[in-house]
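What follows is a single structure, written as structure tokens, with notes after it.
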Amino acid sequence: DDAFKRISNWYLFVSVGGCVLAVVTMGIYSLLLFTSTLVFILLVLSVDPSCVHIWAFGIQMLWQTFWHLLIQYREYYLHEPVSIRLFLAVSSLMLLTQRITSVSMDLQEKRIMLTCNTSSRRQTCVMILPLISYTLSFTTLLGGPLCSYSRFVLLMEGIGLSSPPSPLAVVFLKLIQVFLLQWARWCLIYFLKRNMYDPVNSGVLYGILWTWCLALVFRIQYYSHWRISEGLNNAVGFGFWEYSLADSSELSGLSDGDFWTTESSSRMSEYARQWNFTTALWLHRLVYIRCKHFPLFMCFGFSLWWHGLHVGHFVGFFTWAATVKADYRIHKHLWPEFSLTWRKIYIFLGWINTQMIVTCIAIAVEFRNMSGLRLLWGTYVGLFPFANIILLFILLKLERRC
């Protein structure tokens, strides 16, 4: 009983902390999250586990899409400023969709079993409280790596039964990394402001460099956000407990990506796997392995839907899908033909090509509207993914002839 109380108190602490954080940061729009959580809990209690995923996925995506389209309606049709609290709530709702569908897939695939006897108050509490804590946890409410429900329960029970070793050193190291990333971002912003790009007077190479720096500013912000989220998870014991079970003191678990590992990728397929790592795994499980036809394009198409269906999203995500497909074909044909020296040159040129394509994707997705596309066209950066796609079609035609 004492162990059960300690674990229950820990679940309550994480849940209440998430509710307070939602209300403080989102105000009235925190109801978006509370509504989704309530509907999901009711589905778990009333729908057969094999059917929960279909209902949860459909309801959650319709609810999320409604708010995405409402934001576009206010921005582009009414030309009204949209509250930052609403943006924050919808961003958090996207993360909540990940957690809800992760649990619903676990139920569908029988990875977890959630049985409830309504006559037993304690059994109902044992089932519902961890679910609420998982969906509304303050450690992942505003960002952070996606953790499976079973792993979350294991970590929570481990922390509740015995305190993990102090994670201060690891958290401090990640804060230093955030500081360095933000310092680099500040330097890039300073350079961009002091040396504004002029379509008339600036040269082609300068325009490409300026656009690459702008896209890197956007990406560094994501890396910093992920590091802060990872540090918050580590601070409450997540990550360390997982790896201490394997007799390891590393806190590399629960990570969405490392700056050097991701940005040093010389292929678009590698970059796609490393970027936002836990979300990439979620998309692979939710869409890619479930689609029998065109899984790659269906996966990026769903990512477009999940992100909000802006014009820039259409261009960015379908460019990403096409260039990943092109990378597979180009690498398959060229890599075996090269000697060791030429392979080193190929890797270097591949890194430049990857950086330029990622620049196009970042600008298109972050600007969301036609202004980003005009910038890519004016600086000729948009020619890089276009050349990859053209080469893909040429290789496909050669394959058909052979």
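Here the Cβ of each residue, glycine as well, is placed from N, Cα and C on the backbone.
From a predicted model like this one, the values you see are computed outputs, not experimental measurements.
According to TrEMBL, the feature transmembrane segment maps to 12-45, 82-103, 124-146, 166-192, 204-222, 304-324, 345-365, 377-396.
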Here the stretch out of 12-45, 82-103, 124-146, 304-324, 345-365 with the most C-beta pairs under 8 Å to the transmembrane segment (377-396) is 345-365
Close approaches to the transmembrane segment (82-103) from elsewhere in its chain (Cβ under 8 angstroms; 6 or more beyond its ends)
22, 25-30, 32-33, 36-37, 40, 44, 53, 56-57, 60-61, 63-64, 67-68, 71, 74-75, 112, 131, 134-135, 140-144, 146, 148-149, 279, 282, 286, 306-308
Are there residues at least 6 beyond the ends of the transmembrane segment (166-192) whose Cβ is under 8 Å from a Cβ of it, and what are they?
210, 213-214, 216-217, 220-221, 223-224, 227-228, 230-231, 234-235, 237, 239-240, 251, 259
Residues sitting near the transmembrane segment (124-146): Cβ under 8 Å, six or more positions beyond its termini, same chain?
8, 11-12, 14-15, 17-22, 25, 33, 36-37, 40-41, 44-45, 88, 91-92, 95-96, 98-100, 102-103, 114-118, 152-153, 156, 225-226, 228-230, 232-233, 236, 238, 254-256, 277-279, 281-282
